[in-house]
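According to TrEMBL:
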| type | residues | note |
| --- | --- | --- |
| DOMAIN | 10-629 | domain 'PFL' |
| ACT_SITE | Cys423 | active site, S-acetylcysteine intermediate |
| ACT_SITE | Cys424 | active site, cysteine radical intermediate |
| REGION | 622-645 | region 'Disordered' |
Amino acid sequence: MNIDLDVTENIFTEAWNGFAGTEWKGSINVRDFIQNNYTPYEGDESFLSTATEATTKLWEKVMEGVRIENSTHAPVDFDNDIATTITAHAPGYIHQDLERIVGLQTEKPLKRALFPFGGINMIESSFEAYNRKLDPNFKYLFTDIRKTHNQGVFDVYSPEMMRCRKSGVLTGLPDGYGRGRIIGDYRRVALYGIRYLIRERELQFADLQGKLEKGIQLEQVIRQREELAEQRRALKQIQEMAAKYGFDISRPAQNAQEAIQWLYFGYLAAVKSQNGGAMSLGRTSTFLDVYIERDLKNGVINEQEAQQLIDHFIMKIRMVRFLRTPEFDTLFSGDPIWATEVIGGMGLDGRTLVTKNSYRYLNTLETMGPSPEPNLTILWSERLPKAFKAYAANLSIATSSLQYENDDLMRPDFDSDDYAIACCVSPMVVGKQMQFFGARANLAKTLLYCINGGVDEKLKIQVGPKVPAMTDEVLDYDKVMASLDSFMDWLAVQYITALNVIHYMHDKYSYEAALMALHDRDVVRTMACGIAGLSVAADSLAAIKYAKVRPIRDENGLAIDFAIDGEYPQFGNNDHRVDDIACDLVERFMKKIQKLPTYRDAEPTQSILTITSNVVYGQKTGNTPDGRRAGTPFGPGANPMHGRDRKGAVASVNLGGETAVQIRKRRYFLYLLYRPWGVRQRRVYP
């Protein structure tokens, strides 16, 4: 949509001075701006600067708080009676005189805010865990006066869904906290300014007037108008929040410092208003390089000052905190926010998207030391500049802090070179797509249900459909597969229904207005389903098929253990006999998911990823027919079970069989875990 603002005004011409291209000026198109203005860089890291004294002092101040967190396993501090919003807190600083990029979630470094709109229960549990007392008026407000996402979900859940949740056959559902997995295009704040973005929303709001009056798609149009109004309000609040720090972000950024600061205010608004399981940053380094290159050429800054700006920006991302329960931290293996920033990759036109600023982002691992956040992710291509590949590889050896994903697969899949990663593996085109987070369905546990007639092996209650339990002395593969197929039908229905409820209620009671204000009006939505326990289920079925598996039953006839007679092929060794079973399970479950209606017509996707929660899934699952003991962690994601891969990493990657060729055309993910001594401790040269 063309924006009816006069872009020849001084605020635009001064900000855009020297920038090429016209399409991006008349309507929002950040990619077009980047393609017309960025400078690919194929050199090495020799231009990089070390940390400034200000950076070192600021980071040491931050580390004082981090050391308290690490020693106490508790937050430094958190609010007691303030419901966080974009504008709820006074400005916060580490050391105002030293900071070039400013802004904190609350008024103090590392102090955590309260996010009650997702649900009061997690807040109350956090207070109990850390021996604090929640203000009773605050609890009353978000229990009896203002309904929350969590309350809405549990009002609608069926008893069957509740049992699935309790048993762990569905685990990690975002029904009590922010769902995350939405990446605002924070670059828009810097490039256009808030005034431009507000005007776009006003025009889009007015554009729906005709449909509203004619009653066309009435409920959808009413909801969309309300959401656009909320987004406009959020944009005004972002401007108000920035004004507290002394900045007028109604206009576009005029230099590199402002571009970084404006962009960060957009992200800061997101993490002030939402506590999603993953609050990713997006794809910002190449965009910001355009501003830095202009300032360097004009003598506004030097290289050390450029690095300092990036250091202070990344420092702020490292400081983002959410108040979580210990149980949440266990599920996600720590205290992550998954502030993923993708770096590098190739353009559709064949040019590399690596810039000098790609190096500066990675250099923060040197200037401030290694850190899990932001989740710096290299978009790997065979055609990346050799010097950049060598630099990234050497940093990986030195810091173990980089993630790699395959740009050569995702770029053509999306037909875009402007996609980013939500959380750790979920790709989406920035500002044009969003994802409904869906947690995981436990296939290993589902297999036990089909053997035990739907009775949970741990809770000893009926969770799945009530059918006769299998009574064979030796399990029959065909019978087990037929029963499993039926139980997967049931699981798919429970899973998608729960997700539909969750995301309806999240939109209703905890809508991400600040993030969605930085998207196109009409976005593509995906429903991010997932599988846990794939290798356990595949190995169990292989054992049933190729060996003899005898159930060991308790006094009530419930199979609580299994005796295996003979050998069976194990997943992760490039053996098509078991790999085909795994591929069939993935395809089979996905087809069942795809048949079901989804909220807002979201397109189902599927990941095989449990890198952060395989321990919890294992704790929820009893003994399995592959010989795995109750409580033993699952192999994460699409990885083999621990100790069963005997042919090395390449065999783990190369699924055998023709079915696997089709599987690899979809988006499934394998995490490779190496011991430190498995990586050569030597420098990589281009």
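Keep in mind that glycine also has a Cβ here, set from the backbone N, Cα and C atoms.
Each of the active-site residues Cys423, Cys424 was scored by the number of other CB atoms within 10 Å of its CB, and the largest score is that of Cys423. For the region 'Disordered' (622-645), the number of residues in each DSSP class (helix H, G, I; strand E, B; coil) is 0 helix, 0 strand, 24 coil.
Mean pLDDT of the predicted structure over the domain 'PFL' (10-629): 96.
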